[in-house]
Every structure is written in structure tokens, then in C-alpha cells.
């Protein structure tokens, strides 16, 4: 995919490869201008990695681009069409409040989507106003950057700009636009959309484009579309295992929110688990617990089955044989997920080698944590540093019994105790974006226009494995509440 434009003073270096797909996949339009754009947070390090001049982005002209008031030379804004199963129900969807401005080609030749979220109505808006509120946009900025620092594949946030306009949800709220950066915004739902149009030519065009963009090493494969499915399964198995290992709950794992690239996308109702419980749900709209913490691997494979269904015409000319190929391929998700999860959990427990009983040891710890309502993140920190033993959980007979088995397990490997502790330090974060801390930062920013709380939180979250003293205050768990924490989509 060759780049088509010259580099501009700000560093914008655009290509529009997605716009070369069949026109059914998008609608071209310009972002709706806003009254009084103001930059409230810019990700300087991300800007630099994209080949952009951070200071130029802070200028009046730079902010105008981030707010959608100016379209840079070489950009060709478009809203993407896609479909999706939302809580199990199929719908034709699309970018209802976002525009892909263009694709930035970095100095190293990498390609990233630059998307404005909250940029106005599109042909896919349905009853929405196409705008976004400041709180949810800042929330996505905080959590996506925390996920990046944790080493979890994710879309990223370049900037949040206020619009000088109000939007109306339950109440009047300040409007904002998030500049999101992604390897691409191709989703499982994009393939569902292509399949729903019943155009094999369009489906093939999308698959070929996706392979060229994300998996060029399989272009010459004997069965490239099967290889594409296998690649996505592998990436999603790895991604969801990483979610589970840090206690991340996505909250809205619809098929339109599962990327082909393997990046986490859409941070609307997500949250991190405090007390360990597999049935934990934070999303206010997930009334049945479909997307609960413990369900995420199962929803992942369900979503991937929908991708496989969409690809059937490309897998084999005989539909029954295609279905069998898809089924055999999807069945590999479970073992792949378990492989990644076990490897990650071994690292969290300081274990270097493999033993057949490792899974049993891990599940015994988790079951004891659930019984005593132990904090997920802090339990692993306590094991890492041998601290915080004065609680019912650590005093319990069940934990004492497990701890003895764990020490015996560590003794059966060649690596030293200090090596095990270093492995644990490198895999057990000192800090996660705890819900009450995120809410504190958002309240100060939205209600008081005070961004200092958020800036301190972002600084602490930027190096979660540093285990520095300034991170300790963020390790405290929230006070017990009669009202469970709830998250909202922000739409």
C-alpha cells in the first residue's frame, strides 16, 4: 500500500487505502464544525511516534484539525459501514458519530487510522446526534493509554478536544471529540456487513485488503482466507487472555467491537475488577451478564464463529465443506486461549516451566480469592512482595494450604527465588485504572475543568510495572458501597 501524499508541516502524511474498497463499505462526508474547539489533552509521545509535531498540533490550526473544523491536505474523511451482533441480536450498523479522517503513514512506514469520535451525524447515525460528551471521551483516553502501558494491544488516544457546545443525554453535558488511533477499524462486523450484502466480490475485496494490510505474510498462502481466520483466532485468543490476566472487563463485546487486528476497541462501559468474582459485570445495559468477566473467552469464540460464518463462501465452494473447515478452525480457540492464559498466570506466580498440575494450582488460588472476596490486583502484589498478610484471606486455612503448594511448585524449578520475584514484578502491575480513581479524575475535569487529577493518574498509569512509591496511593481499594459500580456507553 503505497503512500499518496507528501508530508505536511504538522507531519500529516496521509493515504486513503480504505477508500479504494467498494463504495458500499463507507460513506464519504466531512466532519461537522464545532463552535469553539479547545485542546484539553494531547498525547505528545504518541504524536511523535506517528511522525507528528506535537507543538504544531497545539496551534490554532492543529486544534482545528483535531476538532474537525479543518480537513488536512490529502485526507478523505469517511464513515465506515459495518454490521454486528449486539447482545446476540444482528443489526446493520456503521460509524454513527465517528469519521476516519485518513491513514497516517509514519516515518518508519507503519499505517494507522486517524479517527475523530464525536465528529457529527453520518448516514449511520440512526436517532443519534453524532456527538460525544467530554466524560466518556476522557475515560477512553485514560483507559486505552493504561491498557497500552500494561502491554495489551489496543487502539490509542491522541487527543481530546472540547467543542464549546453542549450535548443532551440525561442532562446537559459538555461536548468533546476524541482523536483515536488504530492499526485499522476493520471489525468482525465489517465482514458480517460484507456477507450480508451477498456480494462475494465485495467480501473477497475486503478479505484481500485485510490480508494485505494486516497479514501480508499469508498473501501467497495456498488457502489465504482460512489462514486469515486462523490469524484472527490467534490474536483474539492472546488478547482476551491478556484481559483476563489484569482483570479487565470490556463490557460490550458485540461483534462490531472485535477488531481483526487484535486490538482492544470501544472503551464505553469497560472497567477493571477490584474484588475477584468471575460473574462481575459493570455495564448498566448488560442486565443478563452476557459480557461478565468469566464469560469473555466464551463470547470471544462466539464472535469468531460469526466471522467464520461470514467467510464461508471464501473457504470452499461447497458450503457444507466450508462449514466443516470453519468449525474445525474455530475449535482451536479454546486450546490457544488456555495456552496464553496459563503462560500469563505462570508469570504472575513466578513460574518459569510447565507442569501438568499448574492449572489446578491456579484455579485453587482463584477459588479461594472468590470465597474471601480478595482484591484481584492486590493479591498478586502481596504474593510478589510478601506483604499485606493481615487479612482473613491470607490468614485462612485455604490460603495457607495453597501457599504451601505454591512454594513446593517454585522449588521444582531451576530458577532462583529472586528470579521468580522479578518475573512476578514484571507481570503484576502496581496500578490499574481503578474505577473510583478514574471517576475522581473525570469529575474534576468535567465539573471543575481541573485536569491535574487526570494528569497525575495518567502519569502513574504510564509505567504500571515500575512499582514506584507514587503508585502506592492508587493501590487502595474503594470503600465498600451499597451501590455497585456501574458504567455506561456514553452514547
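Note: Cβ is positioned from N, Cα and C throughout, glycine not excepted.
Non-local neighbourhood of residue 256 (active site, proton acceptor): 82, 83, 84, 85, 86, 93, 187, 188, 189, each in the same chain, at least six residues away, with C-beta under 8 Å from its C-beta. The active site, proton acceptor annotation in Swiss-Prot covers 256.
Around the Cβ of residue 266 (ATP binding site), 22 further Cβ atoms fall within 10 Å across all displayed protein chains. If you look up Swiss-Prot, you'll see 94, 96, 97, 117, 129, 130, 180, 187, 266 marked as ATP binding site, on the strength of sequence analysis.
The Mg(2+) binding site annotation in Swiss-Prot covers 257, 266. In the three-state DSSP scheme, residue 266 (ATP binding site) is classed as coil.
Counting other CB atoms no more than 10 Å from each candidate's CB, the binding-site residues 97, 180 peak at 180.
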